[in-house]
Structures are given as structure tokens and as C-alpha cells.
Amino acid sequence: MNLAQFRQRGPFEWEMPRQGAMRVPGVIFASRELLEAMDAKVGEQLANVAGLPGIVEAAYAMPDAHWGYGFPIGGVAAFDAEAGGVVSAGGVGFDISCGVRTLHTGLKLADIQRVQERLADVLYRRIPAGLGSTGALRLSGQAMGAMLRGGARWAVERGFGSPADLARIEESGCMAGADPSAVSEQAKKRQRDEMGTLGSGNHYLEVQVVDALFDAQAAQAYGLAAGDVLATLHCGSRGMGHQIGTDFLREMVIAAPRAGIALTDRELACAPLKSTLGQRYLGAMRAAINCALANRQILTHLAREAFAELFPGIHMPLLYDVSHNTCKEESHLVDGERRRLFVHRKGATRAFGPGHAELPAEYRTVGQPVLIGGSMGTASWVLAGGGQALAFASACHGAGRAMSRHEALRRWQGRGVVDELASRGILIRSPSLRGVAEEAPLAYKDVGAVVEAAEQAGLARRVARLRPLVCVKG
DNA sequence: ATGTAC
């Protein structure tokens with residue numbers, strides 16, 4: 001990235017001033033080093049997003065930002081419906097409501113070390129993973145509609161997990177305003193037998209140990225102590241989200257000229273919030289959010305069953321569940337004025353600060369848990385939402401790729417990556433050695449540098465670092 | 001990310 005195009009607002013905040021078609025500035029939160037290493041495409045895409053109708057305040061990028069489809073991954077943009085604002089399928093991302101969920105296990109590191117190989121095998125046997133993987137459920141048309149309206153609540157009613165889980169999920173596990181009739185038959189067909197599956201790419205189920213604490217008060221509120229073992233899922237809405245993205249991207253490209261929206265890049269396709277198409281997309285996207293929440297809820301049940309094979313009677317309550325590919329209607333202060341905004345977070349995590357009414361009571365004094373998935377073999381992090389509510393109360397979501405999948409395949413072999421990690425005590429199980437090579441740890445940015453920049457920028461503060469022990473990789 | 005592809 002060329003730093004000359006930025007005005008530095010602070011040590012970790014860089015402004016790209018308004019110019020040309022930009023309606024608002026672009027702002028990147030990052031250290032100088034992360035910004036220098038960032039793909040120049042992030043700057044171009046941020047400027048494009050800043051030119052969309054009805055955008056409020058600024059187009060933001062998080063420290064893990066990288067080149068995405070239309071909008072950068074690690075991007076945040078909010079729109080006001082009353083000011084001609086838009087909703088964009090590419091601004092949410094194709095894996096709608098992709099997210100991270102972390103569970104307590106009540107176990108300590110020593111408990112795992114005795115059974116680590118067996119635990120890896122049991123999890124791999126019970127958790128469907130990989131491209132095109134299918135689960136045990138086959139949803140009828142009626143069940144599909146109920147799932148798309150009910151989300152994790154639907155899954156709990158079907159016996160997956162417990163009602164107590166719901167309080168630890170954004171939106172209490174059920175996204176309001178879902179419209180199953182806005183979801184194509186093709187999207188429903190693709191999802192029919194994919195509930196309770198991990199998927200591929202950077203999705204995983206990981207067993208982790210808390211190996212460092214940074215904020216004693218927040219760690220206590222979240223129930224985290226050094227040596228605690230956690231289980232974390234990273235996955236999304238599988239074929240359904242992807243098909244909805246594909247369907248609506250096409251429609252938005254076609255409809256944009258009639259809505260008076262000039263697209264410099266077809267990947268920016270969007271529709272006015274106050275249009276039938278915009279509202280249909282929101283309804284379908286919210287249904288896909290529920291699909292992802294239900295999917296993670298079923299996977300939670302499967303993970304609990306797997307752990308119970310080795311640890312009978314184990315209790316595994318949720319720490320929290322975050323979605324990092326969404327567009328949500330939220331209330332935010334802009335220049336001292338409270339406004340209803342449609343906040344796109346694409347590869348960015350909501351990070352409500354202390355006192356927010358939507359947080360579970362036990363987390364309200366310290367802020368929302370912000371779950372950061374590391375790359376395979378590297379640390380994951382638990383952060384806490386900051387009090388400043390920067391970038392509409394958002395933070396980073398992961399390490400962020402440092403190179404393409406193609407480049408990673410050129411550099412590493414899957415078997416070599418598995419062996420190297422095993423020598424460091426990290427057991428990988430995956431149906432795809434090619435996928436493992438694409439996900440090699442060094443194909444990603446340094447997640448530690450990303451979360452440090454997030455903290456220094458005031459987006460969120462570090463609470464705990466998690467070291468991986470077992471990883472079931474899609 | 002995704003039944004790597006209307």
C-alpha cells in the first residue's frame with residue numbers, strides 16, 4: 001500500500017481524504033507495518049465503497065483487511081435509508097453470517113494431553129467437513145422455512161443444544177426479519193442436506209488452550225483462566241449463503257441503472273434500502289444468517305457428543321457466537337445525532353462496548369466478546385468490545401490472508417504442513433491435503449500483530465490468547 | 001467462501 005495517499009490521524013488510524021467520486025473519507029485502522037504490507041487493492045476498494053449512495057461517516061477497513069469481492073474483506077460501511085442508502089450483496093460477502101463460536105469445556109490442558117490423538121479422531125469422525133459435505137438432516141420444504149425463520153432457536157427446539165445457549169448468541173440466536181420467500185428454490189435445494197456441516201476453506205473446529213491473559217476483569221466475566229480448554233467453530237451458511245449472494249448480485253447488477261446507481265465496478269452491485277429488491281435481499285440475507293446460526297448450533301451439539309465420548313457427562317456452555325459477514329440495522333451516534341443505520345460488516349466483527357443493552361447481563365460491564373479466529377496452527381484471540389464504538393462498534397475478524405491460495409499451493413505441501421504442526425503438538429485432521437496447503441500458517445498475516453493494532457487503535461482490547469491443540473479442517 | 005464455470 002502506498003502510504004502517501006493517507007493522512008495519519010493517529011499512530012493506528014489512517015485517513016484517505018475525500019476525492020473524486022468519494023462521498024466520505026476512507027479510514028484504515030492499522031499499524032504502519034500492517035498498512036505497508038496491505039494489498040493496494042484495499043485502498044482502491046475502500047475509495048469505491050466511499051462513493052456509494054447514502055454512506056455515512058466513512059468507509060472503514062480493519063487491520064486484517066485484504067482484497068475481497070467489491071468490498072474489502074475486513075471492511076465496514078454503514079448506510080442511511082433516509083439518505084438514499086443502499087445494501088450490497090458483495091458488501092456482506094458470499095458466506096453470509098460466516099462466524100466464530102467458542103465453547104467452554106471445563107477441562108484443563110493436562111486432560112487433553114492424555115487423549116489428544118483420540119479426541120482428534122473422534123471429532124473428525126463426528127463432524128462432517130469438506131467441500132460438498134452433507135449432514136444427517138434432510139430438510140423438507142416446511143422445515144426449511146422454519147429453520148430460516150428460527151435460526152439457532154429452531155435448532156434448539158429440534159434437540160440440538162439447550163435454551164441457555166441462545167443468550168450467548170448475537171440476536172439471541174434468531175435474526176428478526178428473515179423472509180424465506182425471498183430465498184430461491186436453488187438456494188434451498190443446495191442447503192437441504194448441508195445442515196450441521198463445517199464446509200471447506202478456512203472453516204474449522206479447533207480445540208484450544210488459554211495460554212495468556214491480558215485483561216483479568218474481562219477474562220473473569222467471560223469465565224476464562226490460564227490452562228482452560230476451549231472448543232471453537234468457524235463456519236457459515238454453506239451453499240445457501242453462497243447461492244443467495246450469487247442470485248442477488250445478478251439482480252442488483254441488472255437493477256442498478258434503473259435505480260440511478262452508476263457502478264464503477266460490477267462487484268459493487270447494490271440496491272437502495274428503500275426498494276423492493278433491497279428489502280428482498282435483506283429478507284433473504286437474514287434468512288441466511290439464521291441458517292448459519294442453526295448450522296453452528298447443530299455443530300455445537302455434534303462437538304458436545306464427540307467430547308462426551310471421551311469425557312462422559314461433560315458440560316460445554318457457550319462463551320459466545322459472533323457473525324462476521326452481515327448487514328444489520330443498528331442505532332449509532334453520528335456527530336452527536338442518533339441514527340438508524342444499515343451496517344455492513346464483511347470480515348469484521350461487531351464489538352459493542354460496555355453497557356450495551358444487547359449484551360448478556362454477565363458481559364455487560366466489560367463489553368462484547370470479540371472472537372478472532374487465527375490461521376491454522378497459530379493463536380486465536382478473545383477480545384472485548386471497546387467503549388469508543390469506532391467504525392460503528394466494529395473490530396477485526398481474523399488474521400487475514402497474506403497471499404493467494406494459488407501462491408500457497410506453490411510454496412507448501414499439505415502433508416508437510418500436517419507433519420510440521422504435529423511436531424509442535426498441533427493435530428490436524430482434514431479431508432483435503434490441498435486445502436491444508438492453501439491454509440498453511442504462513443499464508444496469513446501475523447494475527448498477533450493484527451489484534452495488537454486493533455487494541456492500539458481503540459477498536460477492542462485483548463483479553464485472552466488461545467493456542468491450538470487439535471484442528472478439524474474443512 | 002462455493003455443486004471452482006451460464
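Note: Cβ is positioned from N, Cα and C throughout, glycine not excepted.
Now, the feature entries from TrEMBL:
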type     : residues                                                       : note
ACT_SITE : A:HIS397                                                       : active site, GMP-histidine intermediate
BINDING  : A:ASP95, A:HIS203                                              : Mn(2+) 1 binding site
BINDING  : A:202-206, A:324-325, A:373-376, A:SER380, A:397-400, A:LYS473 : GMP binding site
BINDING  : A:HIS234, A:HIS324                                             : Mn(2+) 2 binding site
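In this structure, A:HIS203 is the one among the recorded positions A:HIS203, A:HIS234, A:HIS324, A:HIS397 with the smallest number of other Cβ atoms inside 10 Å of its Cβ. Cα-Cα distance from A:ASN325 (GMP binding site) to A:ASP95 (Mn(2+) 1 binding site): 7 Å (rounded to the nearest whole number). Residues within less than 8 Å, Cβ to Cβ, of A:LEU205 (GMP binding site) and separated from it by at least 6 positions along the same chain comprise A:LEU123, A:ILE127, A:ALA129, A:LEU198, A:ALA231, A:THR232, A:LEU233, A:HIS234, A:LEU299, A:ALA303, A:CYS471, A:VAL472. Distance noted between the C-alpha atoms of A:ASP95 (Mn(2+) 1 binding site) and A:HIS324 (Mn(2+) 2 binding site) is 10 Å. A:GLY400 (GMP binding site) sits 13 Å from A:HIS324 (Mn(2+) 2 binding site), taking the CA atoms of both as reference points. Sequence-distant contacts (6 or more apart, same chain, Cβ under 8 Å) of A:SER375 (GMP binding site) comprise A:ASN202, A:GLY398, A:ALA399, A:GLU439, A:PRO441, A:ALA443, A:TYR444, A:VAL447. A:ASP95 (Mn(2+) 1 binding site) is surrounded by 25 other CB atoms, counting those within 10 A of its CB over all protein chains shown. DSSP gives A:ASN325 (GMP binding site) a strand state. The secondary structure of A:SER375 (GMP binding site), as reduced to three states from DSSP, is coil rather than helix or strand. Distance noted between the C-alpha atoms of A:HIS324 (Mn(2+) 2 binding site) and A:HIS397 (active site, GMP-histidine intermediate) is 7 Å. If you draw a 10 Å sphere around the CB of A:ASN202 (GMP binding site), it holds 23 other CB atoms from the protein chains shown. In the three-state DSSP reading, A:ASN202 (GMP binding site) counts as coil. The CA atom of the residue listed as 'active site, GMP-histidine intermediate' is located 13 Å away from the CA atom of A:HIS203 (Mn(2+) 1 binding site).
DSSP assigns A:ASP95 (Mn(2+) 1 binding site) to coil in the three-state reduction, placing it in neither a helix nor a strand. DSSP assigns A:HIS234 (Mn(2+) 2 binding site) to a strand in the three-state reduction.
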